[in-house]
Amino acid sequence: MKKGTAVVGFILGLLLLSGGPMSHGALQVGFYRGKCGFADVEAIVGGVVSAQFFTDPSLLASLIRLHFHDCFVNGCDGSILLDGPDSEKTASPNQSVRGYEIIDQAKDAVEKICPGVVSCADLIAIAARDAVFLVRVFCICFPLEQSGGGIYRVQTGRRDGLVSSADIANVTLPGPSITVPQAIAAFADKGLTAVDMVLLLGAHSVGVAHCSFLSERIHNFKGSGKPDPSMDQFTVNTLRSRCPINAIENTVNLDQNPFSPLVLDNSYYQNILLRRGVLQIDQELGMNRFTRPIIANLANSVDFPARFGAAMVRLGAVGVLTGTQGEIRSSCRVVNKAVKKDKSG
């Protein structure tokens with residue numbers, strides 16, 4: 001491991017030593033402390049994530065999205081990582097999900113030092129927190145208090161699920177054209193509030209969207225032959241230049257602020273108030289009478305990083321398996337029975 005990434009891993013490890021005990025149900029901060037001898041599990045994962053982060057800063061959005069897509073289906077149980085012809089990975093909403101190889105590398109690293117102890121579900125949660133941490137610390141485009149997504153202490157103690165279904169993922173994961181009432185209901189079904197929803201969608205201040213997700217909105221909204229009238233015309237022109245009708249595989253930044261497309265900040269909410277939301281659900285949040293006040297509050301707030309971190313903790317507690325439930329996978333891509341069968345020939 002390079003010296004720089006080792007230092008980052010050490011800093012990340014210190015996060016779980018700060019503050020008093022913190023728990024959410026059966027999860028707790030520092031769950032692995034002392035379970036792997038003197039090894040610091042979170043620092044090991046931090047080293048892996050930081051090495052990749054400096055190569056590809058878009059890793060931040062990928063790992064947050066991976067965490068969200070895992071938790072929203074069967075709960076935060078690592079089921080999105082399982083391979084198979086009908087696994088969650090093959091579901092339509094997961095076709096553009098990235099970051100699997102980072103979790104594989106983190107799993108290999110912890111298994112060498114501490115085999116059979118750290119769950120793949122926890123690795124996703126730790127890696128998402130680490131990516132958020134890295135942007136907050138190393139982005140120099142804004143003052144520290146204005147950039148990043150909040151240095152929050154990740155809770156661990158999850159175990160891995162045994163089931164992964166594309167059918168369940170297809171009907172459970174909310175799509176970009178979902179209405180605000182439908183989105184509120186979908187999040188409520190996971191025990192999350194409308195405020196949690198708006199905070200978590202703030203992750204759209206980083207990352208990209210494929211043109212296929214917004215082509216109708218900017219070219220032929222509801223069959224009108226015109227763009228969505230709720231979108232600012234300058235934004236329409238900008239997006240059309242990047243997404244001509246046949247260029248559905250091109251991508252655009254979800255945050256149309258040219259100064260912070262890789263910074264998890266509140267410019268996402270500011271853009272919505274300016275009618276520059278890229279996805280339909282983004283813009284509708286600013287038009288709905290229940291969510292617009294939340295959007296306005298966050299657009300003018302300085303505490304978005306801390307609030308985003310708290311929402312990530314609440315997301316990470318959705319439907320977790322703990323105690324003797326599930327298993328601790330040897331490989332994140334297959335359940336243990338499959339691993340044992342493969343090894344036995």
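Placed from the backbone N, Cα and C atoms, the Cβ positions cover glycine too.
Heads up, TrEMBL stuff is auto-annotated, nobody curated it.
Look at TrEMBL and you will find HIS69 tagged as active site, proton acceptor. According to TrEMBL, the feature Ca(2+) 1 binding site maps to ASP70, VAL73, GLY75, ASP77, SER79, GLU88. Per TrEMBL, Ca(2+) 2 binding site is recorded for ASP255, ASP265. Among the features that TrEMBL reports, domain 'Plant heme peroxidase family profile' is placed at 26-336. The signal peptide annotation in TrEMBL covers 1-25. According to TrEMBL, the feature site 'Transition state stabilizer' maps to ARG65.
Those same-chain residues not listed among ASP70, VAL73, GLY75, ASP77, SER79, GLU88 yet with C-beta within 8 angstroms of the centroid of the Ca(2+) 1 site C-beta atoms are HIS69, CYS71, PHE72, ASN74, CYS76, GLY78, ILE80, GLY161, SER164, GLY319. It is VAL73 that, of the recorded positions HIS69, VAL73, ASP265, has its Cβ surrounded by the most other Cβ atoms within 10 Å. Listed recorded positions: ARG65, ASP70, ASP77, GLU88, ASP255; maximum Cβ neighbour count within 10 Å falls on ASP70.
Least crowded of the binding-site residues (GLY75, SER79), judged by neighbouring Cβ atoms within 10 Å of its own Cβ: GLY75. When the C-alpha distances from ASP265 (Ca(2+) 2 binding site) to the recorded positions ARG65, HIS69, VAL73, SER79 are tabulated, the minimum falls on ARG65. Of all the recorded positions given, namely ARG65, HIS69, ASP255, those whose Cα is no farther than the 10 Å limit from the Cα of GLY75 (Ca(2+) 1 binding site) are HIS69.
GLU88 (Ca(2+) 1 binding site) has HIS69 as its nearest neighbour among the recorded positions ARG65, HIS69, ASP255, going by CA to CA distance.
Of all the recorded positions listed here (ARG65, ASP70, VAL73, SER79), ARG65 has the Cα closest to the Cα of ASP255 (Ca(2+) 2 binding site). Residue pair SER79 (Ca(2+) 1 binding site) / HIS69 (active site, proton acceptor) shows a Cα separation of 10 Å.
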